[in-house]
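Asker: Here it is: the structure, laid out below.
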Amino acid sequence: MSGQEPSPLIPIEKKKFLCIEYPGYVKRSERAIKTLGGESTLGEALSNNSQVQLRYRAKDIFSHPINGDFLDSCKLLAKVTRRVKRNKKTGEIVEDDAPWQYDILGTVEKTVRFRALADFQYLVPKDDKIRQLKTALNNGDVETIRNYKIPDDDDDFDNLRNIPPPLFTNIEVPFSYGYKQNAAVVRVRVRQPDGSFNIKLLNRSKYQTVQVTAIQYEDENAPSKSWHNLKPPATDLEKEAIQAIADLFKDRPIWSRFAVKSNLDFKYHKLIKRALVHTAYTFQNGAWRDTWVKYGLDPRKDQKYYIYQQLDIRRIVREGMQRKIVSRRVNPNTIRTRSSHIEPPEVVPDQHIFDGKKKPGPISGYQLCDITDPDIVPLIHNPDYRKEYTTKFAGFLYKCVHERLRKILKKKYTALQDTGVAQPIHNAEEGLAEDIAKEIATENENGGDEEGYELDVEEDDNSLTTADLEKAATDAFNAVNNGEGSNKRLQEFADEYIDQLESANKNLANDLEEDIDLDLIDTFEEFDDDDIDGLEDEEPMSSNIQQSRDMDEDVDMKE
């Protein structure tokens, strides 16, 4: 092949270019760049590797963007030219054999690609007062801001003005919804207090309840067996799970459900709730709250069971904390797909144990016996910090000791979650002896009354009771009616009263669900669906709901 000449070497410039795959026809590049925020915005996004926002209506402050991502690429930017001749009279191009010329201007290492769906758009009229105010705020138009007045057309129901939210949906990439028909719903009759029956529709896959034997701390006697007629195990796997949990309770009489889960094989995890009720009951409040106690055992009767008390470290959400909704960033090249084969999650051993070194698991409280942190263990095992009798919230511990334990544990738990490292606490027992002496003196004066301790732990010191707010609201209304107050004062009391009511009724939705007593339900022979075979085997959560949760928003709590 000696007759062939080698290919010529083409020099490549050292310049680097950014490629933007613009989803539209571009006639003027300057205008297209403005829809992307301008050159400065693109440069900042490139340096921070953040998303590029494309707004087709760049001047519309209510326009929702299309998000684009920076992707690594390995391309060359070539310039290809050819000189042509044009007929001056007709303007036509005359074809000739002019050679093509090409130059490599540089490399393209980053490409902006738009694969996300556009968010829903809402066009706000230009004469809308809110739009004019928003524009004035962005432009710094002081005169328009000062002249703005709140519209007084709330009673004009013909005005269907709507202001769009910052985000309609955070789902950027289409996914398989997995549509299914509604689960079989049966007609049931629910016994009323007067003895009559009402007809209701019941989704039996939703109301598959577990017959738990639960008591309050104030209850005098502990159950020696289940209060329900428990169903025998339906499968061999469920029978094995019941036996495995029974073996755990032979070695330790009181467990938290998370600790049980950490000590069981993964194949039994879905059966823990149904298996626990065969061996143990649970407390709904008090020092052993949410723990499972072996039937016939009452931890309130013997001090040796203090070691199984539950130490709650749940975060208290107070006023001033905000929910920040962040759109989930989706990499278009790594979209998750569902497989029919589900791999079991990796089970981390001993996640129910707090040693102050490794990152804790998803748990809201620890039993004292599961805390091995050397800074906390002395407070747990010191006999001087325990009482001969038990109280509702601190158990056999002194109230000040229980609160000290809780604060230290919560501090180290939060540090491990945030940074992965918890600093040692050397003065954990400092001042406890004096606090215990004061507590004993106070109990002697008050007759050992512990009422209100839980509020001291969970609520702010300046919080008012509902009765106080009701009286304050009544006084405010009377003052306004008598001309002694002001609307501002009334509004302050009313707002505080409403906030308190919302806090007191935060579980209202759960209470409404309890209007159906499943023990009193008799199933009719008549059903809404002709075929309900396999109703009992239906999964409580369909795949479409799970997929929606996978695409759901990230919610952070920030103070």
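Residue 1 is the first one shown; counting continues down the chain.
Cβ atoms are placed via backbone N, Cα and C, with glycine included.
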Asker: May I ask you to indicate which of 7-38, 295-326, 487-518 is given in TrEMBL as coiled coil?
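Answerer: Residues 487-518 are the ones TrEMBL records as coiled coil.
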Asker: Could you check which of 336-367, 528-559 is flagged in TrEMBL as region 'Disordered'?
Answerer: 528-559
Asker: What does the DSSP secondary structure composition of the domain 'Transcription factor IIIC subunit Tfc1/Sfc1 triple barrel' (19-123) look like, as residue counts for helix, strand and coil?
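Answerer: Taking each residue of the domain 'Transcription factor IIIC subunit Tfc1/Sfc1 triple barrel' (19-123) in turn, the totals are 17 helix, 41 strand, 47 coil.
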